[in-house]
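As structure tokens, the structure follows; a few thoughts come after it.
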Amino acid sequence: MSRNDDEQARGSRWERETQDLSTQVEYLQEELALARRKLTETPGHVRLLEERLAATKAQVERMSEQNERLVATLKDAREQIVTLKEEIDRLAQPPSGYGVFIEAREDGTVDVFTGGRKMRVALSPSIEPESLRRGQEVLLNDALNVVESLGFERAGDVVTLKELIESDTGHPDRALVTSHADEERVVHLADSLTNAPLRAGDSLLVEPRSGYAYERIQKSEVEELVLEEVPDVDYESIGGLDGQIELIRDAVELPFLHADLFAEYELRPPKGVLLYGPPGCGKTLIAKAVANSLAKKVAEARGDDFTGGDRAKSYFLNIKGPELLNKYVGETERHIRLVFQRAREKASEGQPVIVFFDEMDSVFRTRGSGVSSDVENTIVPQLLSEIDGVEGLENVIVIGASNREDMIDPAILRPGRLDVKIKIERPDAESARDIFSKYVTTKLPLNEADLAEQGGSREACVQEMIQQAVERMYTETEENRFLEVTYADGDKEVLYFKDFNSGAMIQNIVDRAKKMAIKEFLNSQRKGLRLQHLLDACVDEFRENEDLPNTTNPDDWARISGKKGERIVYIRTLVSGKGDESGRSIDTVSNTGQYL
């Protein structure tokens with residue numbers, strides 16, 4: 001019984017073990033199936049993970065770019081905030097004032113002029129006191145301390161220097177100046193003017209509030225009226241005036257070049273020369289040539305090298321006569337004094353000085369001839385005293401030019417003032433040839449046909465052109481008749497174009513001919529100056545002058561044109577095509593009042 005029980009027990013245990021093994025086998029089979037299924041699904045899962053990884057990387061890159069943009073935006077915003085803060089701080093700062101530096105003190109303070117007050121203020125440590133210059137502008141903070149040095153003032157009033165005032169050290173540090181209202185004032189000289197060559201009559205820039213003069217205006221009051229240079233004109237460029245040139249060279253150059261001989265013979269050099277004659281005949285040209293020639297001769301006498309880059313030095317003060325006149329009483333006289341003061345300064349340097357008054361009759365008229373202002377009553381005596389004052393000086397001569405010498409005050413023309421009087425006549429035929437030769441030269445392009453007529457000789461061609469042009473101008477033919485004048489006694493006289501020729505007219509004729517040659521070349525490609533151009537230019541020049549005599553009082557016109565003698569009362573033009581026009585007579589006007 002017990003044996004059977006044991007067997008049953010073993011059988012039951014085997015069944016249980018068998019069931020357990022079966023269960024384990026099923027579990028292992030399921031696990032194996034699951035493993036097989038997972039092994040089959042693994043590649044797809046890996047691909048899914050790779051896709052997720054790639055998407056994650058792309059998202060990370062996008063976030064990085066976005067972060068970089070945000071960082072840049074934050075930086076820009078920070079910079080803008082800083083800039084705005086600086087702008088706000090700058091706008092919130094109190095205003096800075098300007099002052100004028102006067103003097104530095106030993107204790108480190110400085111004296112400045114600001115707001116109409118003279119103050120002693122502190123100096124910023126960043127500024128060296130030695131770097132500040134008197135009259136210099138400085139910047140002041142809200143505590144009125146100097147924080148920055150600036151330049152010199154460049155705007156203000158223009159005044160005239162009258163006299164320099166020296167300090168205790170012997171150097172000028174102040175100046176006596178006058179304004180246009182003749183108000184005198186003493187001003188300080190800024191350091192910018194300490195070493196500047198200042199002289200009476202100079203124009204200075206003054207800041208009226210601080211009382212400092214900062215700058216010398218280059219165009220001073222006298223320089224507005226004179227041309228201080230050596231003209232580039234020589235005697236060779238003047239034609240037809242050999243006799244007059246010889247006279248003025250004797251009057252001007254000999255005293256300068258041979259002063260010892262003049263002293264030995266006790267001969268006083270002439271003080272002045274008057275050049276008079278009709279307009280356009282070379283008065284101003286001769287005066288310029290005198291200055292140029294005198295500069296060269298003086299340089300040669302002193303052994304200077306005139307051929308180098310430096311020009312020979314002399315001074316030609318070309319006074320613009322009408323501009324001397326000023327509406328303020330005494331201003332014209334003061335200008336004359338300044339002109340001669342400038343001449344004395346230049347002469348003291350040992351250089352020849354020529355004071356040239358062009359259109360002298362416009363300023364120095366006969367005293368008592370004026371009707372309304374009578375300014376000549378004071379201007380003429382001022383010039384007389386200045387010319388007499390030149391007597392004690394060397395190297396100064398006065399040259400006057402006028403086409404109405406009859407209107408100049410006789411006291412100016414007497415010996416001892418304008419000693420030498422040279423009349424510049426209208427050119428005759430021989431003089432006209434000489435003048436033409438200055439403008440019609442072999443260097444000009446000449447027409448081939450005209451050259452062929454002279455055998456290809458340029459010299460012969462030019463001479464033929466000049467000869468034909470002079471004959472056209474000076475022949476007393478019907479076509480050259482210009483005017484018929486009637487004198488007060490009833491006599492009549494026919495005047496030809498040759499009676500009114502001048503060097504300026506000849507130059508104008510040549511210029512017309514050259515312009516005709518240029519226009520012909522542009523239109524027909526025929527190059528070169530032709531004789532016909534000169535002849536046509538003569539006709540055009542004459543035609544332009546047809547109406548000129550009738551534009552003014554005949555008697556005054558005759559005086560200006562150089563026709564002196566009995567008074568002319570009637571003028572009639574005789575130019576072809578003008579026969580229907582009547583002349584112009586003189587009407588006697590009575591009770592003219594004070595204005596005529």
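Note that Cβ sites are derived from N, Cα and C of the backbone, with glycine treated the same way.
Secondary structure at Gly280 (ATP binding site), taken from DSSP and collapsed to helix, strand or coil, is coil. Its Cβ taken as reference, Gly280 (ATP binding site) is surrounded by 20 other Cβ atoms within 10 Å in the chains shown. Swiss-Prot lists Gly280, Cys281, Gly282, Lys283, Thr284, Leu285 with the feature ATP binding site.
The coiled coil annotation in Swiss-Prot covers 12-94 and rests on sequence analysis.
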Candidate with sparsest Cβ neighbourhood (10 Å radius) among Cys281, Leu285, the listed binding-site residues: Leu285
Gly282 (ATP binding site): tally of other CB atoms within 10 A of its CB: 26
Cβ-Cβ neighbours of Lys283 (ATP binding site) (radius 10 Å): 27
Check: same-chain CB within 8 A of ATP site center, minus Gly280, Cys281, Gly282, Lys283, Thr284, Leu285: Leu275, Gly277, Pro279, Ile286, Ala401, Ile424, Ser502, Gly503, Ala504
Mean per-residue pLDDT computed across the coiled coil (12-94): 84
Neighbour tally for Thr284 (ATP binding site), based on other Cβ positions within 10 Å of its Cβ: 19
